[in-house]
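As recorded in Swiss-Prot, the features of this protein are as follows:
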type	residues	note
BINDING	Ser7, Gly8, Asn9, Leu10, His11, Lys12, Ser78, Phe160, Gly161, Tyr162, Asp163, Lys183, His188, Arg189	substrate binding site
BINDING	Glu47, Asp77	Mg(2+) binding site
ACT_SITE	Asp77	active site, proton acceptor
Amino acid sequence: MKLHLASGNLHKAEEFAVLAAASARDDAPAIEIVSARAMGGMPEVVEDTGTFVGNARKKAAALRVRLPAGSWVLADDSGVCVDALHGGPGVESAYYAGPEASGRANYEKLLRVLADVPDERRGAYFFCLLLVLDGAGAEYVFEGRCQGRLLREPRGSAGFGYDPIFVPDGFDRSYAELGEDVKNRISHRARAWAQLAEWGRRS
């Protein structure tokens, strides 16, 4: 199965490639991830639907029109949902500090907003929604989440986005400190991918 990734985020492309390789089995067809960069780049998409599934659907549709008929597309929309912010920034996580904001700018803004929130109220979870468009245009949706808490300052140099300030439940290190191997076993994206991979083996 070849999935064309509807994302211009190089970090996501690398993460999906690792997840696909890790989920490969001898008794099932391999899943190949083709990055948008390999297809001339990802078209610009305004993520304005207000929902994870709506944004993923827009991204998938934008890339699909550039591909040969019958191509399969994978779109991802994800974010960090903070208890003290009633689930925010959520679907707006990628541009929390502005439309061109970096991952660092986004998490620094979040830390400022939460500056007066005590440790016991800094619960949060990462959420990932994966949407597959098959060759006939049918949609398949997979979801994953990872519960945890937010730090008061960034820790670690690996990962991207909000990784340096998020500590998953059961650990005392941030996503950015845990390293790729651990993160790709427990993350929100890994959990959504596990569902997708299992579906792919059954299809």
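Placed from the backbone N, Cα and C atoms, the Cβ positions cover glycine too.
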Report, in whole Å, the straight Cα-to-Cα distance of Asp77 (Mg(2+) binding site) from Gly161 (substrate binding site).
13
For Asp77 (Mg(2+) binding site): DSSP state (helix, strand, coil):
strand
According to DSSP, folded down to helix, strand and coil, what is His11 (substrate binding site)?
helix
Of the binding-site residues Asn9, Ser78, Asp163, which sits closest to Glu47 (Mg(2+) binding site) by Cα distance?
Ser78
Around the Cβ of Asp77 (Mg(2+) binding site), the count of other Cβ atoms that are within 10 Å:
26
Can you check which residues sit near His188 (substrate binding site), meaning Cβ under 8 Å from its Cβ, same chain, 6 or more apart in sequence, and list them in order?
Ser78, Tyr125, Phe126, Phe127, Cys128, Gly144, Arg145, Cys146
Cβ-based isolation winner (fewest other Cβ atoms within 10 Å) among the binding-site residues Ser7, Ser78:
Ser7
With every protein chain in view, what's the tally of Cβ atoms within 10 Å of the Cβ of Asn9 (substrate binding site), excluding that atom itself?
19
Give the maximum pairwise CA distance in Å, whole number, for the residues Ser7, Gly8, Asn9, Leu10, His11, Lys12, Ser78, Phe160, Gly161, Tyr162, Asp163, Lys183, His188, Arg189 listed as binding substrate.
21
Whole-number Å value for how far Asp77 (Mg(2+) binding site) lies from Asn9 (substrate binding site) (Cα to Cα):
11
Have a look at the binding-site residues (His11, Glu47, Gly161, Asp163) and report the one with the fewest Cβ neighbours inside 10 Å.
His11
